[in-house]
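Database features, via TrEMBL:
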- ASN15, TRP16, LYS17, GLY179, SER219, GLY240, GLY241: substrate binding site (BINDING)
- HIS101: active site, electrophile (ACT_SITE)
- GLU173: active site, proton acceptor (ACT_SITE)
Amino acid sequence: MARPWPRQPRLIAGNWKMNKTAQEGSALAGQLKGLLGTTRRCEIALCPPYPALESVAAAVRGSGIHLGAQDLHPEPKGAFTGAVSGPMLSAVGCRFVIVGHSERRHGMGEDDALVARKARAALRDGLTPIVCVGETLSEREAGGTADVLVRQVRAVYEGLGEAEARATVVAYEPVWAIGTGKVASLEQAREAHQLVRATLDRVVAPGLGQSLAVLYGGSVNAENAAALFGEAELDGALVGGASLEAAGFWRICAAATPR
Ligand code: 13P
C-alpha cells in the first residue's frame, strides 16, 4: 500500500498534460534538477505523459524530485488496449498518479465510480493518488459547488479505511480556472478546501481532513503563486501550463515556502 503523504512541506506537482516528448521531458527535468537549491523548501513531483516517464525518471534520479503519472487503468493487467496499469507505473518509478482530472471527467467521460476504482487501484499498487475534484462554471453559478465537491469526495473516500485515505492527496481544481488564466480567489479556495476536509472527516474518520494534503490547481503561475501560498489551507499546487518551462515552475516552487 502507498505510504501516507504529509501536509508539510508543500507539494508542487507539474501536470504536463499532453506535452513534451521523452527527449523534451528529459531536458526540462534536467533543467529543474539544476535549479534545485541545497535547501528543500517544498516537495516537487513531475507528471509527464507516459512515453516520457522513463526519461524523466532518469533525469531526476537522486534529486528527490518525485515522478507521477496522469492516469491509470483500474485493472493491474489484461486485455485493455491503450491502457497503462498501476504496477507498470510503479515499476518505472512513479510515486504519484493523478485520478479524476477534470479533462478526463468532462472531456473523456469518466464518472465518479470510475475515478473511485482508479484511486483504489493506485493504493493497491503502492501509488499515491492525487484525487482531483472541482466544479464547472455552470455548477458554481447555479450554487451547486458544495454539492459537487461533497459528491466527488464521497465517491472516492466512502468505504476507504483511514490508513488508505491517509495515503492520498486531494487537488481542488475548479474547472473554470483550468487553463483560463482565472484563478480562484483565496476565499473561494479556502472554502472549498475546508469543505473537502470536513467531508473527509464525516466520510472516513474525524480529524482526517486536517492531516491530508489538499492542493489547489487552476491557472497557478509564477506571478500569483506567492499570494496563493499566503493561504494556509493550500498544501501545494497542481500546475498545468506553468509547469512546462523550468524557470517559471521553479519560481512557483520557491514561493511555496514552509509554513
Ligand atoms: P493550468 O495550470 O494550465 O490552469 O492547469 C491546471 C491543471 O489542470 C493541473 O492539473
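The backbone N, Cα and C atoms fix where each Cβ goes, and this holds for glycine too.
Ligand 1 lies within reach of GLY179, SER219, GLY240, GLY241 from the binding-site residues LYS17, GLY179, SER219, GLY240, GLY241, judged by a C-beta closer than 6 angstroms to any of its atoms. Annotation for the binding-site residues GLY179, GLY240, GLY241: lowest Cβ count within 10 Å of the residue's own Cβ, GLY179. In the three-state DSSP scheme, GLU173 (active site, proton acceptor) is classed as coil. Look at ASN15 (substrate binding site): DSSP puts it in a strand. Cα separation, GLU173 (active site, proton acceptor) to SER219 (substrate binding site), rounded: 9 Å.
The residue listed as 'active site, proton acceptor': 30 other CB atoms within 10 A of its CB, across all protein chains.
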